[in-house]
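Sharing the features that TrEMBL gives for it:
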| type | residues | note |
| --- | --- | --- |
| ACT_SITE | Asp171 | active site |
| ACT_SITE | Asp372 | active site |
| DOMAIN | 153-488 | domain 'Peptidase A1' |
| SIGNAL | 1-33 | signal peptide |
Amino acid sequence: FPLTTHTQKKNKKMCLPFLALAILLIFSPTTIATTSSEIKNSTHEIFNVKESIAQLDTKPQTPFENQEEFHVDNEIEQENGNWKLKLKLIHRDKLQIPHFPYNNNKVFEGRMNRDLKRVSSIIHRIENGGVNYRVEEFGSDLISGMDQGSGEYFVRIGVGSPAKNQYMVLDSGSDIVWVQCQPCTQCYHQSDPVFDPSLSVSFTGVPCGSSVCNRVENSGCHSGRCKYQVMYGDGSYTKGTMAIETLTFGHTMVKNVAIGCGHSNSGMFTAAAGLLGLGGGSMSLVGQLGGQTGGAFSYCLVSRGTDSTGSLEFGRGVLPVGAAWVPLIRNPLTSSFYYIGLSGLGVGGVRVPISEDMFKITELGDGGVVMDTGTAVTRLPSEAYVAFRDAFIAETASLPKAPAVSIFDTCYDLDGFVTVRVPTVSFFLSGGQILTLPARNFLIPVNDKGTFCFAFAPSPSKLSIIGNIQQEGIQISFDGANGFVGFGPNIC
């Protein structure tokens, strides 16, 4: 059966989850062309240089305080007692962040700096058995050097009763939902008023001996109240008390969600109120909604420089027919991250000679391939990256080279070009499926002077991370209950 056709895109609403599971049993090796209308053949693509540079001029269009429509336009349906919920997803570069004037060069520089810290944080968490960095003492105040904040994608939800609208950072590698709370002893700037739990009739503190408190990493106890703390790789942190609260998605309230009420927070997520964790652990939003959504969610990350918004959907009804399904792999060191099976890489329709073992998780929990929404640039073990990069360079020998930029060592001077012919880039997934990326997902403009770079980088460890640049525009679905992740068939 074809995986990407215009007919399938129109018939997205006709998803039958049980059929998708049946397909898993008979899935044959297939190539997924994520932009079939743009790919001329399986080896090369015509890439529109002029259009990509023009998209850099797309400015943040709407100030935060005027964006209530991102909340009220969320959609939710009930199917056989189960949810089907859809939220709009916005890239941080599309939003006007107060106190930070928009500048293309600063945006790129900030994104790369955040990315380095994000990768370092993930590696340290896994090496430490999945435990977040610890704040040595709950009462201490740490100051982070991060000014622009982290977090790549935002969703709009309501917190409390009555609901107070808040922007939340989407994070597939985190197992906690938290918001900044009054009284705030240390808070960074956010666009909406800081949430005041005293004004919410549904806010309930969590006692120390409760099952909720026992499931919280780095939990503590003070005056009978459950305390939480999370410190991230760049020195930023959140700490406060755990609570049970009501969250509102669209026009539907979800009661009894365990959230962190952060009274001391610094550095991370400038402009957003907090974080919406979608990791694989029991305390993430996905884990807490398990019974209502069947552990299923799907997202499409909005492409940079476009006027469209992405989407985040929950519920088994959103799992598409025709996706390329591959098994999720569990790392014994951590339940937070979503690992997938990757067997190899391709350039120009040819598989690069890299050992499949380079992408496997070892018995000690090292290595493997993580899907992460918070990392921008895909990281590969150094040996695999060099072979992959060299294969790409060999296929682009006719393009004029440019000096390295930031973390990118392979760049091109495409100033004056309207289009160029570039080789396709592919991920060889476990089970025989091949995910072929559109050129905009691996050749990105780093300035408005026509400099484009190969958007991959070497990993400082054996861990591979598939970043959000490579995920953009592709429907990605997680079936946590059955242990699969799907790619396509729709584009967004």
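Any Cβ shown, glycine's included, is placed from N, Cα and C.
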Between the Cα atoms of Asp171 (active site) and Asp372 (active site), what distance do you get, rounded to the nearest Å?
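Answer for this pair: 8 Å between alpha carbons.
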For Asp372 (active site), which residues in the same chain are close in space, meaning a Cβ under 8 Å from its Cβ, but six or more apart along the sequence?
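Set apart from Asp372 (active site) by at least 6 residues yet with Cβ under 8 Å, we have Arg118, Ile122, Ser172, Gly173, Phe337, Tyr338, Ile465, Ile466, Gly467, Asn468.
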For the domain 'Peptidase A1' (153-488), what's the mean pLDDT in this predicted model?
92
Just counting, how many other CB atoms are there within 10 A of the CB of Asp171 (active site)?
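The answer is 25.
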